[in-house]
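Encoded as structure tokens, the structure appears first; notes follow it.
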């Protein structure tokens, strides 16, 4: 598989720093979160970091599979919903966490379940920004983010193809 023209590889160190930066932003909101709902699978890692930083012990998952070919995003399939006790008060006091909002399709699906929850993600693309309350880094819509859990160590082509450094 060749990399898209705008590839944005993220290391474990960078992701950890960015997830902590998201936790700092959330802490600055002066909101009391009673639980985290992480959107799997991408939300698992930032939820672990944020739950530690904000001392939130109640964590649930909403499992949504997005069919994609690593270039285009497709339909979503709900595999597991949110625990009923977290949907009381329309999700007031619940923090929904994901790694990325791309088109916003997944966030909108979860927002139907938890309309009063606070939605946060580490990275956001322009189409997804309106669906998220708090994020750290915005990238262009045509950028493909490679998360550390999706990568191994391989040779990277230079940005300027054909240059002789």
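Every residue, even glycine, has its Cβ placed from backbone N, Cα and C.
A quick note: this is a predicted structure, and the numbers were derived from the prediction, not measured.
The annotation 5-phospho-alpha-D-ribose 1-diphosphate binding site is assigned in Swiss-Prot to 41, 42, 98, 99, 100, 101, 102, 103, 104, 105, 106 on the grounds of sequence analysis. The feature Mg(2+) binding site is assigned by Swiss-Prot to 99. Feature annotation from Swiss-Prot assigns guanine binding site to 102, 145. Annotated xanthine binding site per Swiss-Prot: 102, 145, in sequence order. Marked as GMP binding site by Swiss-Prot on the basis of sequence analysis: 102, 103, 104, 105, 106, 144, 145.
Sequence features, as recorded in Swiss-Prot, placed on the structure.
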residue: 41; record: 5-phospho-alpha-D-ribose 1-diphosphate binding site; Cβ within 10 Å: 15
residue: 99; record: Mg(2+) binding site; Cβ within 10 Å: 23
residue: 100; record: 5-phospho-alpha-D-ribose 1-diphosphate binding site; Cβ within 10 Å: 22
residue: 102; record: 5-phospho-alpha-D-ribose 1-diphosphate binding site; Cβ within 10 Å: 24
residue: 103; record: GMP binding site; Cβ within 10 Å: 15
residue: 104; record: 5-phospho-alpha-D-ribose 1-diphosphate binding site; Cβ within 10 Å: 19
residue: 105; record: GMP binding site; Cβ within 10 Å: 17
residue: 106; record: 5-phospho-alpha-D-ribose 1-diphosphate binding site; Cβ within 10 Å: 24
residue: 144; record: GMP binding site; Cβ within 10 Å: 15
residue: 145; record: guanine binding site; Cβ within 10 Å: 20
Sort residue 103 (GMP binding site) into helix, strand or coil using the DSSP assignment.
-> coil
Residues near residue 98 (5-phospho-alpha-D-ribose 1-diphosphate binding site) by Cβ (under 8 Å) yet at least 6 apart in sequence within the same chain, in sequence order, are 38, 39, 42, 43, 46, 106, 107, 119, 120, 121, 122
Which binding-site residues (99, 103, 105, 144, 145) fall within 10 Å of residue 41 (5-phospho-alpha-D-ribose 1-diphosphate binding site) by Cα distance?
-> 99
What does DSSP assign residue 41 (5-phospho-alpha-D-ribose 1-diphosphate binding site), in three states?
-> coil
Looking only at DSSP and grouping its letters into three states, which state does residue 145 (guanine binding site) belong to?
-> strand
